2 protein chains.
Amino acid sequence: MVIINLARRAHNHNWELDPITRSLLDTDFYKLLMLQFIWKHFPKTRASFSFINRSAQVRLADMIDVDQLREQLEQTRRLRFHKSELIWLAGNTFYGRRGIFEPAFLEWLECDFRLSDYELSTHDGQISLTFHGLWTETTLWEIYILSTINELRTRAALKDLSELELDILYARAKTRLWEKMARLRGVPCLRVSDFGTRRRHSFLWQEYVVNAMTDVLGQNFTGTSNTYLAYKHDLEAIGTNAHELPMALAAMAGDDEELKASQYRLLDLWQQTYQGELLILLPDTFGTTQFLRDAPDWVANWTGQRADSKDPFVAGDEYIAWLDEHGRDPKQKLFIASDSLDVDEILALHAYFAGTLRNGAAPSDFHQATDFLDEKKWSLERRIRFSAGWGTLLTNDFRNCNPRGDDAFDPASLVCKLNDADGRPAVKLSDNFRKALGPQDEVERYRRVFGLEGMAEIPVVT
Amino acid sequence: MVIINLARRAHNHNWELDPITRSLLDTDFYKLLMLQFIWKHFPKTRASFSFINRSAQVRLADMIDVDQLREQLEQTRRLRFHKSELIWLAGNTFYGRRGIFEPAFLEWLECDFRLSDYELSTHDGQISLTFHGLWTETTLWEIYILSTINELRTRAALKDLSELELDILYARAKTRLWEKMARLRGVPCLRVSDFGTRRRHSFLWQEYVVNAMTDVLGQNFTGTSNTYLAYKHDLEAIGTNAHELPMALAAMAGDDEELKASQYRLLDLWQQTYQGELLILLPDTFGTTQFLRDAPDWVANWTGQRADSKDPFVAGDEYIAWLDEHGRDPKQKLFIASDSLDVDEILALHAYFAGTLRNGAAPSDFHQATDFLDEKKWSLERRIRFSAGWGTLLTNDFRNCNPRGDDAFDPASLVCKLNDADGRPAVKLSDNFRKALGPQDEVERYRRVFGLEGMAEIPVVT
């Protein structure tokens, strides 16, 4: 006899909404660190964010029901931080330190935090979505909206598949995940963390991936940027800060001189806020080369650097040379790569920075985990501590997994960016000319102030 | 709130036995057809069967708990045919005909059928298992014992895996199954059926495979040899007869002349029993070439032939030439291959027999389903109707699927063979010298009587 759970079945048949964001902790950890920073220093600053689909060929509004998106956003706005979540934020150690969140901030999170209003519409097959309000009310929207839109797109594509096809889709994705993990398993001193919340296939898939990485990689899996998964599964929450901070401080600068100095003023404010912890540089907002060249010497005291838009082999070498110039030991510093990584590049970067290549072997030779066990090819003489922040291709690699053979599950390049702070437009140059964001005249002003040194893809004017 | 089904959970925690054989229909359909034949013509004949592990390197008794095996066998012996199963056997059409099972036989199945005693022991890492009794009581053990031992071996290997590794194991097996099905899908006129009950990974996996084949291949999946799955999922039950019948009749033959004639006496009895239906020759028991050469002309009236030990390309050509000699149209006949098939060979055989190759293309050129849509390479001028009986590599292809990397889930070559009938030893020669079964002196007598023409792997005496 098979006993049916009648209550469960009736409940399942009457679902009105299957929420995507079920906890306000379901966001990147750095958003919470930055929220505390904003709450402390810029509580009255207004800031707007916009959703941007960089994969223009993916006509999101044709795939996703905008009414469902609105229901999800309304559901997210009704969420509050749970008591047990706030107790965890207060009592857990982050980067080895307890009490990283102030009691007053946690009380504000519990009693006064809210998410801003938004404007949602569709135009020519695309979703238009902006968030206006206090910076403290708009900043957290970024991750919720990205994971929500990605998952709604996933759900829409899943709807077209039969039960067998669904099973095969996940069987293939699991098979691929396993092959990737098998190549990373056993590589000495490797450090990999999950940075894939915003581009994930779905919450449940990210949870599966994070649990699998924990099981298979053990100590080599250093944690997840997803605060809720860290909370739920006793993992390290990973991340420090992002481009929105230098972008906002630059926007609010009074003149070109203040603009140039704003990138260091932010570092000063940040290290005051976190008392010497969480000191990871993100130098590419307006170009890494000018950032390092013109930085005050105390910047070299920071723990490490995250490279997000420059070729990471080049960015790491540049950082090591700069540390040498400033008399700091690179072996004690941390270099983090986080831009479109996959297994091959993670292994090659690890070999390049954490080991010394012998016999003139190229980094690209280090594509097999077994190479790392071959003492003839390399040795563990590290140049700098290296860590990989693995995003989209960890939590959303469904390429060629769809039994229907189409690209409905391929990841799309979705972002949510700061538009303005205190009414002044925000700009990001990055280390790649094509990745610049902001009004064209402001981008040009920034390029005059910061220069173009070390940037890629600069158009050739003949 | 998640409501736990407390009754289910308590029940699951208190399982004493998870039965492998849950229905007496969970056997190959031909066993039931043969059982009726034996019940009708040989109700008093005694016959013994023995379990044989041809993969000597697989030390079954070290993997499987013999007490558990005994519990499973006792559980199987307590099974009875259910009323609804007997009603289905009576009312369903098999090969287009209703009433293939006589009311008296079904009544006997309901009231008098029982499974024989057995002797179970272990020796040097191997399981020794024999069944003694009336032929009607021993014959059905064959499939139950093979599927039970295979599944106990599977369960023992599954026990060593973590939950994640179990998930990856099945993800890989599903991924492989899908790749196989994708190559067969859309091939015009292809006919494939499941012959994999005896060597299956487990009952649930065979059920998954059969349901997937139904979904993906549609009309090209012609059914399953598993009677219970045919009953449960409204599929065609496939199969007619097996080597045990000619082996038993040969064993009971009075002298060499009767021995030689017994292979045709069986056909005569069979066609009387089934009134001109289910007429598939299985000519390889004592060698296909002598069987065809010496057969009375009426044998060429039979519907088709199953090749089980000869190279199927050779066996099919030989059958077609023989039909031509006897003035029968091969295009109206059916040729079934059932020996260790996998996708490549199925596609090549289908191209070879169901189509005419052009421009000197070799059968091995037809390894991709898309080739079949390429009119330049072949045309649909069939030489004979072809059907593939796909066994082990359909229902138990877990090679390289084990995340632990060992061969614990690779299929083993297990068989259960007729030892004797009416106290006289049974022999099988087959078309391959190395596959001969029986006492050596009897095998030599049979070789003198039937000859060696057309056999493979004959040892060279220098």
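Cβ coordinates are placed from backbone N, Cα and C, and glycine is handled just like the others.
In TrEMBL, annotation is done automatically, which means it is predicted and not curated.
These come from TrEMBL:
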- B:25-150: domain 'Nicotinate phosphoribosyltransferase N-terminal' (DOMAIN)
- B:191-355: domain 'Nicotinate/nicotinamide phosphoribosyltransferase' (DOMAIN)
- B:H243: phosphohistidine (MOD_RES)
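Reduced to three states, the DSSP call for the residue listed as 'phosphohistidine' is coil. Over all protein chains present, the Cβ of the residue listed as 'phosphohistidine' has 19 other Cβ atoms lying within 10 Å. Counting residues per DSSP class in helix, strand and coil order gives 62 helix, 28 strand, 36 coil for the domain 'Nicotinate phosphoribosyltransferase N-terminal' (B:25-150).
Within the model, the domain 'Nicotinate phosphoribosyltransferase N-terminal' (B:25-150) shows a mean pLDDT value of 97, rounded to a whole number.
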